Amino acid sequence: MATTTSSVVSSPTIPPQGGILEGGNPSHYDPKNPIVTFIIQASIIIILCRLIHWPLSKIRQPRVIAEVIAGIVLGPSVMGRIPGFTDAIFPAASIPNLTLVANLGLVLFLFLVGLETDLRFLISNWRVAASVSAAGMILPFGLGSAISYGLYHTFRTEPGMVHIDFGTYLLFIGIAMAITAFPVLCRILTELKLLGTNVGVIVLSAGVGNDVVGWILLALCVALVNAGSGITALWVLLVATGYIVFLALVFRPLFLRFLNKTGSLQKGPSQSVVTLTILIALASAFFTQIIGIHAIFGGFIIGLLCPHEGGFAIKLTEKIEDLVAVLFLPLYFTLSGLSTNLGLLDSGTVWGYVVGVIAIAFLAKVAGGALASRLCGLLWRESFSIGVLMSCKGLVELIVLNIGLQARILSTRTFTIFVVMALVTTFATTPLTSLLYPKWYQIKVERWRRGEIDWDGHPIQSDGRQDSVATAKEQLKTAPVRKMLVYLRLDVLSSICTLAALLAPNRLTAPPSPKLHPTKLKEALSSPEPAAEECAETEVQPESALQVHGVRLMELTDRDSSVMKVSEIDEYALWDPVINTFRAFGQWRDIAIMAGVSVVPEYSYADTVVGMAREESTDLLLIPWSETGGMSEVQTGLGIDEASRFVNGPYTVFVSDVLSNTTSNVGVLVERSIYSRSSGKRPQLTRTVSALSSRSSIWGGSPAAARSHHIVLPFFGGYDDRFALQFLLQLAQNDQVTATVLHIDVPSTPPPKSVTNTKDSQAESSTTPSSVRAQRPESDGTFLASMRDSLPDELKSRVVFTRLTPKADENVIEFTINAVKEEMSQTTPKAGNIVVVGRRQNGLDQTLAAVPSQDEVGIDARQALGAVGQALNTPVFGIRTHLAKTYIALCIGTTLGLLLNFLQIRKYRSIVADPAREPTPEARPYGAMLGSIWLPIGAFIYSFTQYTQLHWIGPVIALVLITVGIFFLFESCYSFTSDCYGENSSSAIAGQGFMRNMLGAVSPLFASQFFHNVGSQYAGLLLSVVATLLTFIPFVFYWYGPRLRARSKLAAG
């Protein structure tokens, strides 16, 4: 018999891999697997930073303030006082990992700061920049050195500090007092729209110099701290200087040659070029770190030496800025807040230093910048505004302070003092600048310097414009539009060019003379032959010149690349494709065109356009209507319903704001694409232009070579229609244009007061020039007859006047549209038809307002385009297919809710039938729990899919979920309330219905304004968030229903 002996050998156990499924605690820090803790920390930091920044952004505060405040909240000052919070979320063992990622992000951020710093500003304005920058650094540096004596002897004995000489400490404190946050400064200047002013140019130039000098001094300070002796510090500075010279004289030319060879300067950096550039920046950071200077200087120098030609710096920034701004920077500045302990500000002496540091950092900087600016010839308000802007510390100050804390130059208490100073000075910059240098003052100074007014605001000379109707009529007979401002958009650029070509037919008074070569010109001038002299000197000019100013608006976002576009706006405008195309068109058509780019926040689009129209004294401000109905110019390639372009949205609000705030004549250009946006058919091409609220539409499409157009104007009367008539006659001066004026003679029977549209009346009084409203013009019939009789012979064969009178009971808008369509059907122009329509008609606004819109979504479009204009572009008469789909979705949702409710009934019956369970009211809210989840899900989906360029299935699915959720909530809540209150259930249900009906009754009083002001998407998103917050209520009733009912005297037992 054999015996088998086995031995048990112990082996190392494998760590559990199941995570929380095996009982693991994700908040417990594991040094071998730190990613879980890092994700928790990063998520908390990023979310808290965003939440704090949202209210601060409403008062134009930079994000760095929110990031530092988030760190203070998470640090020992607030959350750190909760027992166990710091050990659980930010354990000491995890801080090195967080610091490593934050410092990597800091190197990349300083690389972006170098990219953003354009030395050309310093070179082009070096005199003013040098004086303002020097004065703005010397004075605070000197006063900072004075207070550093007290700081050194008061706080240098605190634990954890290294021994350094007072001279090094003085240098560091002086730098902290004198430095300016250039990146934050650029954003503040951009948001306040000061970059084009004297203040903006000087601050930007001085900020570049201040930034560069500050970093050099900081590198010197760090070298002195890290060096063991003076000779070592000297060697560190010599090596750093040689390294910078090598990069400037050797590396940069080779790098430029490489970029030219790869085409990166022309078409932007490829992925390989981005990889190489980042590796070079990291290598430079590595080198500066190992020689005894902080790694951030290496990244900053490489960014500073990268070229700005061809927009390379901007395009490179766009590649990497989001990751740095979203992930890395919040970690770094939150770590600054974690090191800040407001509890250390615990004595009168400390608070005295807090006040002293803030006063020196702010007042010395303001005084230095203001005095230098005043000596350069600026006004006192401008000078103090420059001083306030130069006092902005921002994120650069915090980087300096962190370097001082890591080098143990500063104690935690001193670090906290300076963090408070940085927050206060940064927070005060924007409101103080807005107070010292408001928009009205900028306009006053600009007009005063142009010689239009004296300092008290009294006009010195007339601007040459005549406001009387009679004088205007005489001028408009030839060319009412000589100077035009156009909002350039990529999606309607072709229509803008077509309209400009019609306004400037470019007819010459004589045949053009042949040109001579410059070398032959002298021979022609010296020749006694008169023909040669005539050929050399004669220059044929057009009869009338049209000046077109084009402005391309680009949105200022929270990205650094957006701010860089503003600071390099002149160069950016040189290679913008829309601007270059428009300029090329002007050269081809011999039209004087000046075009530029303006980068502003989206909410400032209307103010920017109105301000430019006022500065240029334009005869016509042309606003093209968006192809998609939104502010974006990006072509989606998806089918877009034609009518959906005119729903209430941001672009409608933009056009309405322009009409409400300008005193210039405004035209709205609406184009219908050659190809259908929905069905793929070929509808007629439509372009629309309106003058002071006049609009036109071009129907029909054909090859680009054809140039004949037919124009129709339905004339009702009033200032808008009169200007529209003069505008039509200017277009008709083109030989390839014919026109018909339809005089719609509407019976003057005012509608009942109940249908008066007060909005239209208010709009008319706010946008019509006061000089025009003050005068009573002659009758429209007389005006029309005088214009018809004064037509030149060449126009009489191409312009026809027709009078039409609708019946008393006939719909005016429908009659007008039918008349326009009938007129269009009689002509077949090859280049398309144009309809010019006045937005407001004298004495007829109430009559037209009596005609209701098909749906409420077009109310704002009606205010912007006028009743007739809206009717020409939207299917007012007919059934909207998308509206039918909406009702179908509601029907489907209601049917599904009814069918699924049987599951709730079945569940309740099973509970009643179970002898082991006692039926309670808490068996009812199962449907409510499901509905409370489906309702916000559907609301979120609807908020993000309601765009017209997206497929209709998204909103339909969302409405089905919303309807099912509402059905479940209603049914379950009624049943639950009935079971809870027993014999009192009728009163409870009645009270519930009363509250719901009251809310439904008052909702129309604010709902329309809410969706109009906030925007449909954000309004829906806000309601979705509210619905999400209310989701837990059915679950609370399910879990805690018995306890709640026990506290009620009326609830059933």
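Cβ coordinates are placed from backbone N, Cα and C, and glycine is handled just like the others.
The feature compositional bias 'Low complexity' is assigned by TrEMBL to 1-12.
The feature compositional bias 'Polar residues' is assigned by TrEMBL to 754-773.
What TrEMBL lists as domain 'Cation/H+ exchanger transmembrane' is 45-431.
The annotation region 'Disordered' is assigned in TrEMBL to 1-23 (among others).
Per TrEMBL, the feature region 'Disordered' maps to 744-781 (among others).
The transmembrane segment annotation in TrEMBL covers 64-82 (among others).
Through the fold, the transmembrane segment (88-114) approaches residues 27, 29, 31, 34, 37-38, 40-41, 44, 74, 182-183, 211, 278, 281-282, 285, 295-306, 317, 320-321, 324, 327-329, 331-332, 335, 338, 396, 399, 560 of its own chain, all at least 6 residues removed from its boundaries and within a Cβ separation under 8 Å. Summarising the annotation, TrEMBL assigns transmembrane segment to 88-114 (among others).
Taken from TrEMBL, the feature transmembrane segment covers 169-189 (among others).
Per TrEMBL, the feature transmembrane segment maps to 272-291 (among others).
The transmembrane segment annotation in TrEMBL covers 297-316 (among others). Outside the transmembrane segment (297-316) by six or more residues, the chain places 107-108, 110-120, 212, 215, 219, 240, 244, 247-248, 251-252, 255-256, 259, 264-266, 268-269, 274, 277, 280-289, 561, 564-565, 568, 571-572, 575 with a CB less than 8 A from a CB of the stretch.
Counting only same-chain residues 6+ beyond the ends of the transmembrane segment (323-344), those with a CB under 8 A from a CB of the stretch are 42, 45-46, 49, 63-64, 67-77, 90, 95, 98-99, 101-106, 108-109, 112, 350, 395, 398, 401-402, 405, 412-413, 415-416, 419-420, 558-560. The feature transmembrane segment is assigned by TrEMBL to 323-344 (among others).
Residues 131-132, 134-140, 142-144, 147, 150-151, 154, 177-178, 180, 206, 344, 380, 383-384, 386-391, 393, 413, 417-418, 420-421, 424-425, 428 of the same chain sit 6 or more residues outside the transmembrane segment (350-372) yet have a Cβ under 8 Å from a Cβ within it. If you look up TrEMBL, you'll see 350-372 (among others) marked as transmembrane segment.
Residues or ranges marked as transmembrane segment by TrEMBL: 415-437 (among others). Sequence-distant neighbours of the transmembrane segment (415-437) (same chain, 6+ residues past either end, Cβ-Cβ under 8 Å): 59-62, 64-65, 68-69, 72, 176, 181, 184, 188, 191-192, 194, 199, 336-337, 339-342, 344-345, 350, 353-354, 357-358, 361-362, 365, 381-382, 384-385, 388-389, 391-394, 397-398, 401, 404-405.
If you look at the transmembrane segment (887-905), the same-chain residues 6 or more away from its ends with a CB under 8 A from one of its CBs are 926-927, 955-957, 959-964, 966-968, 971-972. Summarising the annotation, TrEMBL assigns transmembrane segment to 887-905 (among others).
Taken from TrEMBL, the feature transmembrane segment applies to 926-944 (among others).
According to TrEMBL, the feature transmembrane segment maps to 950-974 (among others).
Proximity of distant same-chain residues to the transmembrane segment (950-974), defined by a Cβ-Cβ separation under 8 Å and at least 6 residues beyond the stretch ends, is recorded for 638, 882, 885-886, 888-890, 892-894, 896-898, 900-901, 904, 924-928, 930-935, 937-942, 944, 989, 992, 1034. Sequence-distant contacts of the transmembrane segment (926-944) (same chain, six or more residues past either end, CB-CB distance under 8 Å): 901, 904, 907-908, 954-955, 957-962, 964-969, 971-973, 976, 1017, 1020-1021, 1023-1024, 1027-1028, 1030-1035, 1037-1038.
Residues 922, 925, 928-929, 931-933, 935-936, 939-940, 942-944, 946, 969, 972, 976, 1010-1011 of the same chain sit 6 or more residues outside the transmembrane segment (1018-1040) yet have a Cβ under 8 Å from a Cβ within it.
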